[in-house]
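What Swiss-Prot says about this protein:
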BINDING   255, 260, 278, 339  Mn(2+) 2 binding site
BINDING   260, 337, 339  Mn(2+) 1 binding site
ACT_SITE  267  active site
ACT_SITE  341  active site
């Protein structure tokens with residue numbers, strides 16, 4: 001989709017729909033209102049209140065180059081955030097598309113305390129997020145109206161922001177498409193192919209290890225999970241050398257579980273169909289690496305994705321087994337449905353052994369996260385307070401909300417084992433998200449590491465005025481912003 005920034009006046013831009021973002025109590029721009037013979041003033045404050053997400057479509061009747069004007073509510077000016085502006089832009093773009101628009105233009109909001117670059121960035125992100133259609137595999141393809149061009153009305157700072165927003169949105173949408181793809185269409189091998197294709201297109205070095213390669217690396221935990229599958233695992237390593245490859249390296253690690261049946265500890269039928277999205281962390285890593293490369297972030301970033309599915313079979317690993325992986329730590333299997341932390345542990349150990357200075361990992365790790373936080377925020381669990389705060393702030397700046405969970409030493413008692421170094425579950429239902437995150441910390445040594453548990457926010461149930469049902473791409477923006485800030489710290 002084409003995204004352009006133009007310095008044209010509101011009364012000069014020739015598009016199908018001109019979108020005017022307005023806060024509560026703010027009048028429409030005087031020049032547009034005058035051109036429409038006072039129509040905007042009649043509507044604003046009457047039918048249109050400016051409430052968050054409210055839209056009112058006006059026909060210009062040839063009095064403006066734009067065929068229609070869409071009034072878009074932002075809510076109270078003091079409550080507008082990067083996230084709410086992004087959401088409003090998505091709502092506006094979808095409303096314009098529903099009206100048949102093929103080209104749209106956004107004015108920048110005037111009553112909001114946000115600089116031009118940031119406003120253009122989050123409007124662009126929101127528009128491209130809202131307009132994105134997830135792929136389908138239907139035998140009959142029905143034609144659907146599509147917006148082909150998005151214009152932002154602003155100057156050079158807006159141009160910079162819109163370009164940033166476009167690149168990030170494309171990374172998020174790539175992550176959404178990957179996590180939405182059915183497991184039979186996206187096995188570990190096919191996920192590796194998609195990652196390698198992205199790397200080739202963006203100048204990123206990539207290595208893909210097959211089952212034999214995983215054995216040679218000593219990825220015993222990944223291989224244990226893979227035992228019940230007919231699909232071989234893959235271990236994907238991507239290296240973006242934005243700082244010339246001299247280091248220091250930031251490590252991004254994503255869980256690539258392409259389908260999770262639960263293994264022998266099999267999941268209930270209800271909801272199992274959706275376990276194709278259990279590689280949402282890996283999808284976020286791939287989308288982020290694309291964006292990091294296209295933004296030309298001046299940092300060296302290593303991304304690691306351990307990938308397999310988790311299936312029951314006569315050869316599957318079993319509850320009670322003791323296995324070990326790259327870190328050398330031994331794990332007593334309490335549940336084969338707690339497999340994500342196993343494959344991530346090998347990925348994290350690899351990143352740490354490769355010398356990454358700091359690591360962020362993301363996964364749909366625990367159902368307990370939904371109980372703790374609901375579908376609003378992801379959880380952060382870490383082994384280093386300072387690094388956790390940096391990642392938390394990066395997420396906030398990128399418009400992704402997290403919440404820091406405790407990591408007191410006593411919580412490690414939850415994963416103690418009498419026969420191994422640790423268990424892969426908990427002895428009861430207490431603090432499941434904390435226990436899962438701290439399990440991961442056991443495999444990175446002293447390397448500062450933050451885990452994002454995105455289980456409750458990686459999937460949206462039901463479409464609304466902003467986005468379609470399906471994968472959300474959460475984590476992608478946090479990864480990108482954290483990498484950008486990591487680069488700034490090197491200067």
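Using N, Cα and C of the backbone, Cβ positions are placed for all residues, glycine too.
Since this is a predicted model, take the numbers as computed values, not measurements.
Overlay of Swiss-Prot annotations on the structure.
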| residue | record | Cβ contacts under 8 Å, 6 or more apart |
| --- | --- | --- |
| 255 | Mn(2+) 2 binding site | 278, 279, 280, 281, 282, 305, 306, 340, 343, 344, 347, 361, 362, 363, 364, 365 |
| 260 | Mn(2+) 2 binding site | 267, 275, 278, 309, 310, 337, 339, 340 |
| 341 | active site | 363, 365, 424, 436, 439, 440 |
Using an 8 Å cut-off from the Cβ centroid of 255, 260, 278, 339, can you name the remaining same-chain residues around the Mn(2+) 2 site, in sequence order? 257, 275, 279, 310, 340, 343, 363, 364
Among 267, 278, 337, 339, the one of these recorded positions whose Cβ has the fewest neighbouring Cβ atoms within 10 Å: 267
Same-chain shell around Mn(2+) 1 excluding 260, 337, 339, C-beta within 8 angstroms of the CB centroid, reads 225, 257, 261, 262, 263, 265, 267, 275, 278, 310, 335, 336, 338, 340
Per DSSP, residue 278 (Mn(2+) 2 binding site) is which: helix, strand or coil? helix
